[in-house]
Amino acid sequence: MSSSPHTHTLIIMERLSEVRLYSSPMTSVLNSNLSSCLTNAFIPDTVRMASSPLLAWMTLVVIGTLAPVSVFSCLSLKRSVKELLTERSSKLDVLDIFRFVAILWVMLNHTGSEGRIDILDRLPSADAFKSAMHDHPIFGALMGNSALGVEIFLVLSGLLAARSWLRKADEPFFQHWKSFIARRLLRLAPSMFIFVYIAAGPIMNALLPRYSSSMVSACGFWGILSHVTFTSNWQSTPTCMGYLWYLGLDMQLYMVAPIFLNLLHKFPKRGMALTITTIIASMVIRAGYCTAYGTCNQSDVDIPFISYPGQDAETLKSIYAGLWDMYSRPYTKCGPFLIGLLLGYITVSSKYIMVSTTSKTLFRSSLIVAIATIYAILPEYWNPNAGNTLYNTVYTAVFRSVFAMAISGMIAALYFRQEYRPTNPIFAMLAKLTYNAYLLHMPVVYIFNWLPFLQAATSPIHLLLVLPFVAILSFIAALIFYLFIEAPIGHLTSQYATRLGL
């Protein structure tokens with residue numbers, strides 16, 4: 001009896017996504033010991049040793065603040081505060097609001113997953129909680145589809161990447177590419193490296209042991225290395241600080257973005273054709289993945305990226321099979337980024353001005369499409385065992401890119417409108433803290449494991465009541481991290497980047 005085409009496709013997709021080699025128990029022990037030794041070589045094993053370099057750095061920041069004419073003056077807290085409070089007064093200020101909404105949505109997503117002990121421990125009550133969230137007539141889809149906050153970030157990232165590249169688009173390609181990537185690395189790497197150092201070591205284990213057990217215990221040396229090399233979205237499973245996968249995706253998309261942007265700048269029609277074709281191809285690949293793995297009824301990928309207790313390799317594989325590949329790889333996730341890239345190109349190349357009525361019409365229609373896309377997941381919640389129906393397959397393939405187009409439409413309506421309306425300065429400040437809030441919000445979410453109100457929650461309303469407290473604590477932590485880590489290091493790296501001609 002011959003195998004079905006579906007079986008062949010599934011086998012091919014499994015082979016492409018992961019090749020598993022047999023290893024003896026002795027080999028596994030040796031690999032574990034090697035990984036442990038390599039990890040300990042870079043991360044101290046006591047809180048005192050791990051905190052010493054951090055305290056030394058903070059001391060230098062304080063010295064730079066108190067002695068403004070010293071060699072450490074570039075680390076000054078006063079300078080960092082001034083930078084944080086500086087207003088840009090640009091038509092792109094509207095992006096700050098979208099960025100803030102996106103991080104709140106991501107926080108909401110994680111509060112409703114990693115914030116719950118029953119989900120972390122895979123207890124029976126976790127399924128009841130998830131059903132209660134999905135079944136809510138108003139907020140069910142908003143909660144279940146909250147991972148769409150990532151698509152907002154991808155649109156913004158693509159838009160800003162395009163504007164950054166096109167400012168010097170006439171420079172020699174490879175010279176410009178190296179400078180473009182170096183600047184992005186200098187933007188993302190320092191804060192992320194220091195956060196991983198704290199999160200993967202004894203400091204976080206002492207403060208939040210449950211975070212360490214579910215987020216870090218499965219890391220080993222290679223898991224940590226994947227984060228500092230921006231390849232964590234290519235891990236076989238997202239069990240090592242899985243929520244940081246976005247940084248790897250962002251860097252990889254930045255690395256290939258100049259190919260599209262160079263073509264858009266020199267041959268606009270060809271560039272448009274290549275970009276649109278790639279977006280469509282990404283949708284087709286998404287449909288292929290969900291069809292092959294039978295996961296088209298799980299479009300929202302509503303599972304936490306953690307290390308579950310007592311799991312073996314096969315259980316782990318079954319939990320994330322297909323979903324992780326579809327959710328994190330550049331070829332399945334590039335659509336929203338490329339849509340933002342096109343919008344960024346249009347904002348640079350076009351001087352078009354919208355009259356007020358056109359701007360309002362575009363914004364409102366785009367908002368309606370965005371809301372409709374969010375709530376179009378409801379048939380999956382109403383029929384959770386429907387499987388790979390045509391509706392589920394098409395929705396899984398296109399909904400992230402359609403949502404990205406709707407977000408881009410709203411941004412375009414605000415950017416090209418005739419009248420300029422400045423946004424509230426508070427959004428500019430919050431937007432500057434968003435990157436650190438993204439890094440730090442997950443440990444904050446774990447603090448709420450001790451909140452009985454959240455653990456007993458049975459409605460999305462309960463999550464919405466907790467969200468402001470998660471956001472406030474996350475942004476307070478982000479402010480401290482910004483003042484002592486991101487801004488001072490940014491001042492140093494910008495000086496060296498200027499000297500190197502980047």
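Count begins at 1; order follows the chain as displayed.
Here the Cβ of each residue, glycine as well, is placed from N, Cα and C on the backbone.
Taken verbatim from Swiss-Prot:
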| type | residues | note |
| --- | --- | --- |
| TRANSMEM | 54-74 | transmembrane segment |
| TRANSMEM | 92-112 | transmembrane segment |
| TRANSMEM | 138-158 | transmembrane segment |
| TRANSMEM | 188-208 | transmembrane segment |
| TRANSMEM | 241-261 | transmembrane segment |
| TRANSMEM | 272-292 | transmembrane segment |
| TRANSMEM | 335-355 | transmembrane segment |
| TRANSMEM | 367-387 | transmembrane segment |
| TRANSMEM | 396-416 | transmembrane segment |
| TRANSMEM | 437-457 | transmembrane segment |
| TRANSMEM | 465-485 | transmembrane segment |
Any contact, the transmembrane segment (367-387) to the transmembrane segment (335-355), with at least 3 Cβ pairs under 8 A: no
Stretch-level contact, the transmembrane segment (188-208) and the transmembrane segment (92-112), CB cutoff 8 A, at least 3 pairs: no
Positions on the same chain near the transmembrane segment (437-457), where near means CB under 8 A and six or more residues out: 103, 106-107, 110-111, 114-118, 120, 129, 191-192, 195, 199, 204, 207-208, 210-211, 215, 241, 243-244, 246, 463, 465-466, 469-471, 473-475, 477-478, 481
Stretch with greatest number of CB pairs under 8 Å, the transmembrane segment (92-112) reference, 138-158, 241-261, 272-292, 335-355, 465-485 candidates: 138-158
Maximum Cβ pairs under 8 Å to the transmembrane segment (272-292) - stretch from the list 138-158, 241-261, 335-355: 335-355
Intrachain neighbours beyond the transmembrane segment (335-355), with Cβ under 8 angstroms and 6 or more residues off its ends: 151, 154-163, 166, 253, 257, 260-261, 264-265, 268, 271-272, 275, 278-279, 282-283, 362, 400-401, 403-405, 407-408, 411-413, 415-418
